[in-house]
Amino acid sequence: MSAPVVTRPPAGEAASPTVPAVRRGRVRRASRRRLVVLTLAVLVAAGFVVSLMFGQTTYPFDDVVRVVFGERVPGASFTVGRLRLPRAVLAVVAGFSFGLAGVTFQTMLRNPLASPDVIGISSGASAAAAIAIVTLSLGETAVSVLAIAAGLGVALLVYGLAFKDGVVGTRLILIGIGIAAMLDSVIQYVMSQAAEWDFQEAMRWLTGSLNGTTWEQVLPAAVALAVLSPVLLTQSRNLSALQLGEDTAAALGVRVERTRITVIVAAVGLIAFATSACGPIAFVAFLSGPIAARIVGPGTSLLVPAGLVGSLLVLVADFTGQYALGTRFPVGVVTGVLGAPYLVYLIIRTNRAGGSL
Amino acid sequence: MPDAAVVRRPARVRTLWLLVAVAVLAAVMIASVAFGSRSVAWSDVWAALGGADGTLEQAAAAKRIPRTVLAVLVGGALGLAGAVMQGVTRNPLADPGVLGVNMGASLAVVVAVAFFGLTSATGYIWTAMLGAAVSAVFVHTVGSLGRGGATPLKLALAGAATSAAFASLVTAVILPRNDVTGSFKLWQIGGVGGASFDRIGQVLPFLAVGFVICLLSARALNSLALGDELAAGLGERVAVVRATAALGSVILCGASTAIAGPIGFVGLVVPHACRLLIGVDHRWLLPFSALLGGSLLTAADVIGRVVARPAEVDVGIVTALIGAPFFIYIVRRQKVRAL
């Protein structure tokens, strides 16, 4: 879909030997990317079907298919149609949203640590959603609006506070971590204000959970994904230009400020809608990008692969947390245990390499 | 240290601030006994302080006395531990919470309780100290890898990441044990609600040892502040001094986490505030940090009890709300090598 930005050589140089080499490399990378995207999509579909079929009771494949297409099947209609289907759909939608938004931030800020769940944007959306739902008992639309406003506000705040003769990665990340610490204690405060300290509900807003998902929660997140992901995908070429630095991007004809604002609003929107449905599923936004980069290889856009990796992560983590561990863990705890050591590993690797992060 | 301009305040100024600090501590202690989810008349507060617990009001106030003592002790320990850590690492962002030491202690306790059936209070404390020590060493190792050694921002980042990792492990261990999540909540957020003089008595010897070690290292920390070479030239055995002082602060962190859970940011805010008031001389800074830490945590506990009546907000939540903006302020002041 998007190729790396390579300046077109003057016509006279077309015969030079580097051009076919560049073209061959480009074709090779593009075909590898297509293969990866296809494989990931198949895996997501498989995970989706598996999480519909298996559980406390197992339903055969054709029962599941009939339920999905709206037929009434005794027993399966309730378990699969009302319990498992919205849950699995939300897993795919939220995972894709987190993965896509995460890799967008990581690409734009050129730092794998600068994902929305590390720098406090997810916590902001989550705190707003928790306040709106638990304290103010607002409806779906108002919750989403508040979550987006809070997410954008936090993004702006972190960026503003980190700005001092330009924005430096480490400072932005540490400030984000500080803001996230505050917002998490706001969430804990809201939960302690609620009539009874409800541990499960608190877990949802702190680490993310798909427990008790209903279609009313799925719908706004799905609509947001349908509207906002095309916006991000059309910006993917500009985004890879921005990765080369602002000046280079501007020289290549990218409207830097407009791209940046569009991208931030769309990515924060994705995070906010998904978060108001299931909480900030820990580290999915942070993990998806680097995993996708490892599989796809350099030089191509990571947006779609990262989204698919996110979906797959949430599906697998939710299934594991529900059935594989003896007790039922919310999905965010599973992804948190997976993601946190990777965060430490990433810091060790960067420090070793002598970078300043 | 960043405030090197203010090396020492005149003795008169420092004595004055010391008196103020003692007065503040006394005031917040009285407030902590007087205010809570149940309103109690002043006469009953005085009666409870005198040992009476005949009426409901007097009993309520009497129950707040051990809680107040615990808040003062834990706050003092954390303030002092933070000041020592900042001295040892010469890092203005050092704090038992930021560096992941408290969360490491928490994780050790939770794992020991869940998988090894640990029940004795002394066992909690030893386990917590082991966890604190291991995570302190780990974070320092990670933070000092690569170019430039343990710069403040690298160390803080390593600590924050480690802290996040430990926190999700703590959640994962706690969650399936639904029957005990209530009592485990302490090791996830941090609070002083369940205090009793029995429990304070068990942790007191450890705190006392930690206080003594830390306070005795004041002079050596003054030398360390001049840089390792100069300190060695002044006759300090740098490695020994550093290890001893770090041990003292790890004992304090482990013991306070064992009894009150991971409480962040007290050890960060307090020493900085103290440096502004009385300068950078550790012989004054350390005891002053302990005093002010006790006041801060007690005040945070009172705020947590008053704002959400009749519910209570755990003190760890309040300190995060107060401390995180301060953390951001210090991060902003740091010079960072550009990317």
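Keep in mind that glycine also has a Cβ here, set from the backbone N, Cα and C atoms.
Since this is a predicted model, take the numbers as computed values, not measurements.
Annotated transmembrane segment per TrEMBL: A:35-54 (among others), in sequence order.
The feature transmembrane segment is assigned by TrEMBL to A:88-106 (among others).
Among residues of the same chain six or more beyond the transmembrane segment (A:118-136), those with a C-beta under 8 A of the stretch's C-beta atoms are 105, 142-143, 146-151, 153-155, 158, 172-173, 175-180, 183-184, 186-187, 190-191, 193-194, 201, 205-206, 268, 271-272, 275-276, 279-280, 285-286, 343. Marked as transmembrane segment by TrEMBL: A:118-136 (among others).
Within the same chain, residues 116, 119-129, 131-133, 167, 172, 175-176, 179, 183, 220, 224, 264-265, 268-269, 271-273, 275-276 sit at least 6 positions outside the transmembrane segment (A:142-161) and bring their C-beta atoms closer than 8 Å to a C-beta of that stretch. Per TrEMBL, transmembrane segment is recorded for A:142-161 (among others).
Positions annotated as transmembrane segment by TrEMBL: A:173-195 (among others).
Here TrEMBL flags A:215-233 (among others) as transmembrane segment.
Summarising the annotation, TrEMBL assigns transmembrane segment to A:263-289 (among others).
The feature transmembrane segment is assigned by TrEMBL to A:295-317 (among others). Outside the transmembrane segment (A:295-317) by six or more residues, the chain places 1-4, 25-26, 29-30, 32-33, 36-37, 40-41, 43-44, 47-48, 51, 88, 91-100, 102-104, 107, 210, 229, 232-233, 236-237, 239-240, 281, 284-285, 287-289, 331, 334-335, 338 with a CB less than 8 A from a CB of the stretch.
Among the features that TrEMBL reports, transmembrane segment is placed at A:329-348 (among others).
Taking pairs at least six residues apart, the transmembrane segment (A:215-233) and the transmembrane segment (A:329-348) share fewer than three Cβ pairs below 8 Å and do not count as touching.
In terms of C-beta pairs under 8 Å, the stretch of A:35-54, A:88-106, A:173-195, A:263-289 lying closest in packing to the transmembrane segment (A:329-348) is A:263-289.
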